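Structure first, commentary second.
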C-alpha cells in the first residue's frame with residue numbers, strides 16, 4: 001500500500017506536487033473495467049473529500065476522475081496553489097474519448113496532476129507561463145497518440161476548505177475547437193485564466209456561502225414567524241384584554257413584517 005505523502009512546512013510546492021503525483025501513479029491505473037469508487041460530480045466538496053480519504057485507505061487502482069478528487073484532497077493544505085478541473089474530449093478512429101486532469105497554478109505558472117494510460121497525458125510540472133501553453137501541450141500530446149482534440153472544458157478554482165458544502169464547478173468554460181479559430185481558442189483560454197484570477201482576488205473561492213444559507217433555511221424562528229403573526233391579529237380583533245402582552249410583542253412582530 002503506497003504511503004500518503006507527508007510534507008514539512010519548508011518543502012517547496014513543486015516538490016510537493018511531484019510527491020503527490022508519485023503517490024497517484026503508485027496506485028496504478030485501473031484497467032479492470034470496473035470502477036471501484038463511485039464519484040458523483042454533484043456532491044458537495046466535503047463528501048468528495050471523505051471519498052478521497054477512503055481511496056487512500058483502500059489503495060485500489062483508480063481512473064482519471066478519481067485521480068482529480070485525490071489530487072484535490074492531497075493539495076488542500078497548499079493554500080498558495082490554485083486547483084481547477086480540465087476536461088478533454090478527443091476523436092480517434094470513429095470514437096470519442098474523454099479525459100480529465102487537475103489543473104494547478106503556482107506563482108503564475110501552470111501545470112497538472114492526474115493519471116492516464118499515457119504518460120504524457122497526466123502530470124505536467126508547473127512551468128507553463130500561460131494556461132493556453134498548458135492546453136496546447138496537452139493537445140500536442142494527444143496528436144502524438146493520433147487523437148484529435150475536439151472540446152476543452154475548464155472549471156473554476158476549487159476551495160481549500162475540506163468541509164465546504166460548495167459543489168465543484170466542473171465546466172465554467174466549454175470550448176469547441178470546431179467552432180473556434182486557433183487565435184480565438186487561445187483568447188478564450190486566457191479569458192478563463194483571467195476570470196479565475198479575478199475570482200481569487202475577490203476572495204470568493206475558499207468561503208462557503210451555502211452554509212450560511214442553510215442555517216437561515218433551517219432556523220426555527222422563521223418557521224414560527226408566520227403563526228405568531230396570525231395569532232396576534234386574531235387576538236387584537238375580539239377585545240383589548242391582551243393589549244399589555246401584545247404591546248410587548250409588537251416590536252418583534254414589526255421586525256418580522258419588515259423582514260418579509
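Cβ coordinates come from backbone N, Cα and C, glycine included.
Over in TrEMBL, the protein carries these features:
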type: ACT_SITE; residues: 64; note: active site
type: ACT_SITE; residues: 99; note: active site
type: ACT_SITE; residues: 116; note: active site
type: REGION; residues: 195-260; note: region 'Disordered'
type: COMPBIAS; residues: 232-246; note: compositional bias 'Basic and acidic residues'
(request) Give the sequence-ordered list of residues that share a chain with residue 99 (active site), lie 6 or more positions from it, and have CB atoms under 8 Å from its CB. (result) 64, 87, 88, 90, 116, 121
(message) If you count CB neighbours within 10 Å, which one among the active-site residues 64, 116 has the smallest count?
(response) 116
